[in-house]
Amino acid sequence: MESFLKAQRGSHVNGISELKTYLHRFGYLLPENANFSDAFDATFESAILHFQSKLGLSLSGKLDFDTMSQISAPRCGVPDTISTFTLHGTRHYMYFPGKPRWARRMPMKLTYAFSPDYTIRYLSSSEIKAVFKRAFARWASVIPVSFVETEDYVYADIKIGFYHGEHGDSEPFDGVLGVLAHSFSPENGKVHLDAAETWAVDFRSEKSAVAMDLESVATHEIGHLLGLAHSSVKEAVMYPTLKPREKKLDLQLDDIEGVQALYGSNPNFNIGSLSESDISTNQAVNVLRKISVATGRPLAAKCNSTGRPVEYIPVARCGRAELFRKLKQLAASARNFVKNLYF
Ligand SMILES: [Zn+2]
Ligand SMILES: [Zn+2]
């Protein structure tokens, strides 16, 4: 593990091949630029820097502890979106290629329904419905869009279901942790949750160490349904990773600005109700310029499949459960190594 943490451009380290597969899967390495060997090459270094900038980490270009922790954290299955947009502004929210949104007359009403077939048995349907009702209400409070539950699954605008493994959209789920859920950009309307997770509605009754908060993930996935991609603001609901037993429910200024730029503001929304700390998380970071300087590469390098609807972004064909297991091992040994080194 020592060599892993110390690895830099020119190194060959067992495990880098898996990291490349991960970085490719989530939009940081284009297949034509990548060789999936264990070589720490310039393309890999650039992908690491982009990952660090997107996740709001320090730009070391190395496989440091924070980077490995984020790589091994449970996350949303939607690939991260990177563009030169980040360079110009102070904002960290992002949209999908083409900036799709629901095109209906304002104020807009969208219906949602739960799949009668693809569900989980250990939570009651009323518990699941209450969670989603609260998650939808958060977004509805900031934009002139309302969400109404319907029993008519076939004709609902938004369709929610829990699925195991391969489920027909070439984005198979990977079992416990790893990828938790994914959803699609407007106006697709589908939300898929990994049925293999231990979904929790109340951590007082759900004691599992790998329990994931259903409401936090629901709130995040609704952001995608509305047209938001992943944000680099760590506190934002649209940040791509979430730890087991962590709750992230409140929309941050970054989430709100992003969604209001698509739909306008709910006339009843008052920005003054946000706390100081919500606002201070929105800081300007000129990250791509730093990457450009560090790697000697032009700023226009793209790391995602820009121009394609998100549902068609190709994914690496790999045993992802296997991949995440390996990544978790690597992160665990990195953690032990850092502990031994400093304590
Ligand atoms: Zn996501
Ligand atoms: Zn799916």
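Every residue gets a Cβ built from N, Cα and C, even glycine.
Annotation comment: TrEMBL describes Cys76, His220, His224, His230, Met238 as Zn(2+) 2 binding site. TrEMBL lists 98-265 with the feature domain 'Peptidase metallopeptidase'. Sequence annotations record features per position, and here TrEMBL assigns Ca(2+) 2 binding site to Asp157. Summarising the annotation, TrEMBL assigns Zn(2+) 1 binding site to His167, Asp169, His182, His192. If you look up TrEMBL, you'll see Asp174, Gly175, Asp194, Glu197 marked as Ca(2+) 3 binding site. Among the features that TrEMBL reports, Ca(2+) 1 binding site is placed at Glu197. The feature active site is assigned by TrEMBL to Glu221.
Sequence features annotated in TrEMBL and their locations in the structure.
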residue	record	Cβ contacts under 8 Å, 6 or more apart
Cys76	Zn(2+) 2 binding site	Val179, Leu180, Ala181, His182, Val217, His220, Glu221, His224, His230, Pro240, Thr241, Leu242
Asp157	Ca(2+) 2 binding site	Trp102, Leu110, Thr111, Tyr112, Glu187, Gly189
His167	Zn(2+) 1 binding site	Tyr118, Phe173, His192
Met238	Zn(2+) 2 binding site	Tyr93, His220, Gly223, Leu228, Ala229, His230, Ser231, Asp254, Asp255, Gly258
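For Asp194 (Ca(2+) 3 binding site), the count of additional Cβ atoms within 10 Å of its Cβ stands at 26 [all protein chains shown]. Distance between Cα atoms for Glu197 (Ca(2+) 3 binding site) and Asp169 (Zn(2+) 1 binding site): 19 Å, as a whole number. Surrounding the centroid of the Cβ atoms of Cys76, His220, His224, His230, Met238, where the record places Zn(2+) 2, the chain contributes additional residues within 8 Å, namely Val78, Glu221, Gly223, Leu228, Ala229, Ser231, Val237, Tyr239, Pro240. Of the listed recorded positions, namely Asp174, Glu197, Glu221, the sparsest Cβ surroundings within 10 Å are found at Asp174. The secondary structure of His224 (Zn(2+) 2 binding site), as reduced to three states from DSSP, is helical.
Among the binding-site residues Cys76, Asp157, His167, the residues whose Cβ lies under 6 Å from any atom of ligand 1 are, in sequence order, Cys76.
Residue environment of His230 (Zn(2+) 2 binding site) contains 27 other Cβ atoms, counted within 10 Å of its Cβ in all protein chains. Checking the binding-site residues Asp157, Asp169, His230, Met238 against ligand 2, the ones with a C-beta less than 6 Å from an atom of that molecule are Asp169.
Here the binding-site residues are His182, His192, His220, His224, and the one ringed by the most other CB atoms within 10 angstroms is His220. Recorded residues Gly175 (Ca(2+) 3 binding site) and Asp169 (Zn(2+) 1 binding site) have their alpha carbons 16 Å apart, per Cα-Cα distance.
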